[in-house]
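> Sharing the record's features from TrEMBL:
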DOMAIN    38-442  domain 'Cation/H+ exchanger transmembrane'
TRANSMEM  21-40  transmembrane segment
TRANSMEM  52-70  transmembrane segment
TRANSMEM  77-95  transmembrane segment
TRANSMEM  107-128  transmembrane segment
TRANSMEM  218-240  transmembrane segment
TRANSMEM  260-285  transmembrane segment
TRANSMEM  305-323  transmembrane segment
TRANSMEM  343-363  transmembrane segment
TRANSMEM  384-405  transmembrane segment
TRANSMEM  417-437  transmembrane segment
Amino acid sequence: MAAHLSYLMSKLQTLSTSDHSSVVSMNLFVALLLACIVIGHLLEENRWVNESITALLIGVCTGIVILLISRGKSSHLLVFSEDLFFIYVLPPIIFNAGFQVKKKQFFVNFITIVMFGAIGTLISFCIISLGATQIFKKLDIGSLEIGDYLAIGAIFAATDSVCTLQVLNQDETPLLYSLVFGEGVVNDATSVVLFNAIQSFDLTHIDSRIALHFMGNFLYLFFTSTMLGVFAGLLSAYIIKKLYFGRHSTDREVALMMLMAYLSYILAELFYLSGILTVFFCGIVMSHYTWHNVTESSRVTTKHAFATLSFVAEIFIFLYVGMDALDIEKWRFVSDSPGTSVAVSSILLGLLMLGRAAFVFPLSFLSNLAKKNPYEKISLRQQVIIWWAGLMRGAVSIALAYNQFTRSGHTQLRPNAILITSTITVVLFSTVVFGLMTKPLIRFLVPHSKQTTSMVLSEPNTPKSIIVPLLGQDSEGDLGSQEVRRPASIRDLLTTPTHTVHRYWRKFDNAFMRPVFGGRGFVPFVPGSPTERNNTQWQ
């Protein structure tokens, strides 16, 4: 009996020590997040440093301190988990991006964005995979299977849309922001879908049937994920508009929007779809329909709540990446051959630069052919910025690399350790070096004072505006009198496809969608409803 009691006491003491260590780690991590916010604010006007780089550098410095205190045993406070990243940290970032994005710029350039994000990612994926297959076999890094080489292509084809938010300004360079950031979101989704498809297929015997099945699976995931996000956004709008759910409660309205957005992401993951695409389009639809159906206080609350969650998640990601860069266990495997690790990292950097250049400039040329207005065309200087800004790699690449080459964040194989450390090196180098140079490059190539006003499509920042519908039409008062002009000829339709689609969408949106799902000017007046105060304000 005494022995049994002693055993229980020892177990409780062990649990207590473990819980205490977790509390200490969380306290330190929260303190570091606060330090990142304060220092980032002080450096806000700096032309070189942004908050992502600040958090990354603080993470590296913290990792060095922890490494010294632990005598080389560990460099981070938390163990990296792909589930932590994909299930909890990434969703608020992507959702807020869709919720806040300038929809007029995004949809006017939608064809170009999809070309860059989908077709461009496939081109980059092919170049990186083929280059890695040919070059890595000549290096002494161990045996890798064909699935590993394809996974490398998907990992390094994923740009860092989070860092893009920091280095590009939506108001100063709206065209560049919409193209680079929109491409980044579609690119992340495409890379994740590619990565999942690679893991689900037997790639030892590739033939035409498997290739067709692969492409069909890719298109299915892409389309289904988008439709799920649109459905979730429309469902939230319909619930609030028809039921006036929580008409007197900001808490209920905000909770409904948050939970519906998160549910769309979790459902996408549950059905093995792309949660990134789902939650991004859910954010776009919510900002167009749902956001206009809630009370004024709910609008202010949701805008700042979503932005705050996204902001903290971004800092968390870069802070952890900085600490994880010094994980001694992974570097121990490559300590005997540092030249090989440097060579692999350099080759990967060269391949991702080549892969990006291989689609940015040709696809920009094709995009310009379809645009008659010279101010809507992508100039060579803008193409250089798009190429450069998309070279940054971030947490998505690291998460995919951990998923492919580690088990629970650890690895015991030398080839896997080399690829993990090389991924970390590429992420650090691209974020710091390319990130530091992006702002000066933009100011040098595209001075803000020289930008023509016609190139900037003036749309109030969504969801600040309550009068601008999905594709950036004119004010509500003008909508009723606008007639959708039919294209005069097939040539008109081919030369201005986006504008033609926009005109037809406006007619469809005003006639069918907004009367059903709500939106500014299409929510019926009911005493005590969310639109009571707004109707009197805009009369």
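Including glycine, each Cβ sits where the backbone N, Cα and C put it.
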> Residues of the same chain, at least six outside the transmembrane segment (260-285), with any C-beta under 8 angstroms of its C-beta?
86-87, 90-91, 94-101, 103, 106, 185-186, 188-189, 192-193, 196, 221-222, 224-226, 228-237, 470
> Any contact between the transmembrane segment (343-363) and the transmembrane segment (21-40)? By contact I mean 3+ C-beta pairs closer than 8 Å, pairs at least 6 apart along the chain.
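These two stretches do not touch.
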> For the transmembrane segment (52-70), which stretch among 107-128, 305-323, 384-405 has the most Cβ pairs under 8 A?
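That would be 305-323.
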> Should anything in the same chain at least six residues away from the transmembrane segment (384-405) have a Cβ under 8 Å from its Cβ atoms, list it; otherwise answer none.
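Contacts of the transmembrane segment (384-405) (Cβ under 8 Å, skipping residues fewer than 6 from its ends): 80, 82, 85-86, 89-90, 116, 148, 151, 154-156, 158-160, 162-164, 167-168, 176, 179-180, 183-184, 187-188, 191-192, 195, 199, 317-318, 321, 324, 352-353, 356-357, 360-361, 364, 378, 411, 413, 416-417, 419-420, 423-424, 426-427, 430-431, 434-435, 437-438, 441-442, 445-446.
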